[in-house]
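S.K.: Feature list, courtesy of TrEMBL:
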- 20-40: transmembrane segment (TRANSMEM)
- 47-69: transmembrane segment (TRANSMEM)
- 89-109: transmembrane segment (TRANSMEM)
- 212-229: transmembrane segment (TRANSMEM)
- 244-263: transmembrane segment (TRANSMEM)
- 333-350: transmembrane segment (TRANSMEM)
- 395-420: transmembrane segment (TRANSMEM)
- 426-445: transmembrane segment (TRANSMEM)
């Protein structure tokens, strides 16, 4: 009965059935959260773990059928590694290797030329959860004085039970699309610690509904405009026949619209986490904060003219996970640039095996490097600093936003259409303008500094 209804809904909305199932599954998190708040909040941890486990499994079955066994296998293997290997480096290496190889094998055997919603989509979220679990359990065996503040916050002092790991892994607010959160946060949720009223159901309905409304608005924007900016248009003769300026503007507008697909899902899922209490983040300036599970800073995303600003506003929890468990753990390399490159490489293969992912994250590194050099140039040059703070700033801001979104969309082309032959065709149609722009900017930056920055200016500001 459900299948014909979903087919009809898919046809009427013009969206693939898997996408409809995914959105419905994220939305179902709200009634699940209401059930938890109304009937299970004061129940024993065992009951709560069982509810979270079976509700998440139900969503997995609804979306992927029998293929949910992939997640079950990885959860069970991870639990056994914690139990049998203990708090050892071997446990971390085995966890990292097994979980990543399983994910990459899934990508290899299910890969197509299109972006498909299949079991590997939630599995990449689960992979980070389970690897992070191994790190947090390892940190729990160290002396507190040897841990950073964030490591202390997430470290596990005792081995979790199988039921805890299952509830954590399948929690309906984060199983399908994230956000990332630690087992320690999940334990605090079950212990009724994540609330603005100690021991009572959190007053989180209003903040949860605000995020739901914002996420739904983003979903409507995407549904309205995405049919006018399909990925497939890049590969048509019509696109190649358009004037150069049109092709560039299409990349700009397409890049902006395509990201609403992710923004909408993350913000709606965040609302589910807030409703349960998992999003509670303490008190700041006398106000209760509900942003512990925020995966998007939507206002910053919409207003920043900087590439770095967009990156820091987008997929926040995954970026924080990568910083905590990859970038900072590579401190022994003694080179931040090398650690940064290694982290971006990890993120590229975590997304998938297509060449487009590696190219996208490579361009991100190059773009951010050039932007930081440009920011340092403006900061150190009295002429450019005066210009940036002049009455011309509104015009500068508009130009910045145009460049920003044009070259945000540019690497996303490779990210979205995956394969070498496709993204090469698109980039050649715009004469590799993005590659050339940042290459030239990188090469001339030293000469601009020499011309615009007084000899002692940069050195004095560094000392300050």
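Backbone N, Cα and C atoms are what each Cβ position is placed from, and that goes for glycine too.
Help me see these features in their spatial surroundings.
M.R.: Listed by sequence, the residues of this chain that lie at least six past the ends of the transmembrane segment (20-40) yet keep a Cβ under 8 A from its Cβ atoms are 6, 9-10, 13, 47-48, 51, 55, 59, 62-63, 117, 121, 172-173, 176-177, 201, 208, 212, 219, 265, 268-269, 271-272, 275-276.
Beyond the transmembrane segment (47-69), the same-chain residues lying 6 or more positions past its ends with a Cβ under 8 Å from any Cβ of the stretch are 18, 21-22, 25, 28, 32, 35-36, 40, 117-119, 122, 163-164, 166-172, 175-176, 190.
For the transmembrane segment (89-109), the residues of the chain that approach it from at least six positions outside its boundaries are 70, 73-74, 77-78, 81-82, 119-120, 123-124, 127, 130-131, 133-135, 137-138, 349-350, 352-353, judged by C-beta separation under 8 angstroms.
Long-range Cβ contacts of the transmembrane segment (244-263) within its own chain (Cβ-Cβ under 8 Å, at least 6 residues beyond either end) map to 215, 218-219, 221-222, 225-226, 229, 231, 233, 296, 298, 301, 314-315, 402, 405-406, 408-410, 412-413, 416, 429-431, 433.
Note on the transmembrane segment (333-350): residues 100, 103-104, 124, 127-128, 318, 322-323, 326-327, 357-358, 360-362, 364-365 of its chain, located 6 or more positions outside it, place their CB under 8 angstroms from a CB of the stretch.
Long-range contacts of the transmembrane segment (395-420) within the same chain, counting only residues at least 6 positions beyond its ends with a Cβ under 8 Å from a Cβ of the stretch, are 113, 115, 231, 234-235, 248, 251-256, 258-259, 304-307, 310, 351-352, 354-357, 359-360, 363-364, 367, 387-388, 426-427, 433-434, 437-438.
Counting same-chain residues at least six beyond the ends of the transmembrane segment (426-445), those with a Cβ under 8 angstroms from any Cβ of the stretch are 234-235, 239-240, 244, 247-248, 251, 363, 366-367, 369-370, 373-374, 377, 406-407, 410-411, 413-414, 417.
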